[in-house]
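Enquirer: If you look up Swiss-Prot, you'll see CYS39, HIS64, GLN173 marked as Zn(2+) 1 binding site. As annotated by Swiss-Prot, phosphoserine applies to SER63, with the evidence given as similarity to another entry. Marked as Zn(2+) 2 binding site by Swiss-Prot: CYS120, CYS123, CYS131. Here Swiss-Prot flags 380-417 as region 'Disordered'. Annotation source Swiss-Prot lists compositional bias 'Basic and acidic residues' at 381-417.
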Amino acid sequence: MRALAYFGKGNIRFTNHLKEPHIVAPDELVIDIEWCGICGTDLHEYTDGPIFFPEDGHTHEISHNPLPQAMGHEMAGTVLEVGPGVKNLKVGDKVVVEPTGTCRDRYRWPLSPNVDKEWCAACKKGYYNICSYLGLCGAGVQSGGFAERVVMNESHCYKVPDFVPLDVAALIQPLAVCWHAIRVCEFKAGSTALIIGAGPIGLGTILALNAAGCKDIVVSEPAKVRRELAEKMGARVYDPTAHAAKESIDYLRSIADGGDGFDYTFDCSGLEVTLNAAIQCLTFRGTAVNLAMWGHHKIQFSPMDITLHERKYTGSMCYTHHDFEAVIEALEEGRIDIDRARHMITGRVNIEDGLDGAIMKLINEKESTIKIILTPNNHGELNREADNEKKEISELSSRKDQERLRESINEAKLRHT
């Protein structure tokens, strides 16, 4: 099977010979992949990993699967085959995948020495998104969506409405990350929010906050192209490089409703300066949420910035089925706009060119790229996109011609009056 696979730190490459996945457990299904987004975690696995992947020569604790594995966990596709225990999905359904691999999924790998291992405390209590052995389909547990096909159990698959294009459906997983953060902090409609960092998760948080009834959203982001995109998605924007950190914090607090800071802040950058800004830009009793993935290193912050104002600071990890279902419902109801969501996609590349044409581009050109999605192009997806772009350009040209014609007619009328 063709795939863009992880062989180890700094070693991602295309292969024609990845092992074809097959149904093992009765509730599994085969998904024909159309699109799969590249996540920041994928980039970190390349530059700093392995993080979720096992070390070379080792296997994953949940599945006992070794390297190499196809990367990619933001996937959308069509059901190709179903196991005898699949109840609610059928061949031909469009689906997205919740890619977590946890204690609850051990049964899928009956040959693993850990198949009967006791569940961790978090999984026992239903908090499987913070499983002690958490991995991802496409990042350690099993091969993911930078491949032609994936096998997944039905409980991790969600049907997508027919009107949602599969390139946008590939954004449902990162949007579920954002939705989970809003749920974790118990966001209240009518509140105000500051987002620090306008990468894919920061931009997705704009969409999730709008859907949740946020009154006012401000985004702090140094890159011009990302600020412009945040504006298109309905946020006010600020360039933090315009002033020193203290002046930026004072200014951001002043432009919040009431002039005394925001009800909620979302740190999507993961730097010492952004963590402290997220706390200090809160109003009293506000809540700061960390969505960023940090390295395991210590930083400095003042606990009294929290205590004196009875503020809260919390983390948010992954998602659960509630978040996938909520995002799909918001798309169905129009609370998340498909066209606005599609603004996040800045590139479409086939898996053969995924390393140089996408992963390295995201690493080296952060200011001009947001989200690149990959495809095995089994059904001419890239050709379809090219045809759609030509059609849009043609329609735009036609509209401009019509506008010019109307202007000429109006000018002629004015000359004869």
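Just so you know, glycine gets a Cβ as well, placed from its N, Cα and C.
What does the local environment look like for each feature on the list?
Expert: Every protein chain considered, the tally of other Cβ atoms within 10 Å of the Cβ of GLN173 (Zn(2+) 1 binding site) stands at 27.
Secondary structure from DSSP puts SER63 (phosphoserine) in coil. Under a cutoff of 8 A between CB atoms, and with a sequence separation of 6+ in the same chain, the neighbours of SER63 (phosphoserine) are GLY101, ASP105, ARG106, ARG108, TRP109, SER112, GLY135, VAL141, GLN142.
Within the same chain, residues at least six positions away from CYS131 (Zn(2+) 2 binding site) with a Cβ under 8 Å of its Cβ are THR100, THR102, CYS103, ARG104, CYS120, ALA122, CYS123. In the three-state DSSP assignment, the secondary structure recorded for CYS131 (Zn(2+) 2 binding site) is coil.
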Enquirer: So which other residues, same chain and not among CYS120, CYS123, CYS131, have a Cβ within 8 Å of the centroid of the Cβ atoms at the Zn(2+) 2 site?
Expert: THR102, CYS103, ARG104, TRP119, ALA121, ALA122, LYS124, TYR127, TYR128, ILE130, SER132, TYR133, LEU134
Enquirer: Restricting to the chain of CYS39 (Zn(2+) 1 binding site) and a gap of 6 or more, list residues whose Cβ falls under 8 Å of its Cβ, or answer none.
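Expert: Sequence-distant Cβ neighbours: HIS73, GLU74, PRO174, PRO200.
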Enquirer: Which of CYS120, CYS123 (the binding-site residues) has the most other Cβ atoms within 10 Å?
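Expert: Result for the most crowded candidate: CYS123.
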Enquirer: Under 8 Å Cβ-Cβ from HIS64 (Zn(2+) 1 binding site), six or more apart in the same chain: what's there?
Expert: TRP109, LEU111, SER112, PRO113, ASN114
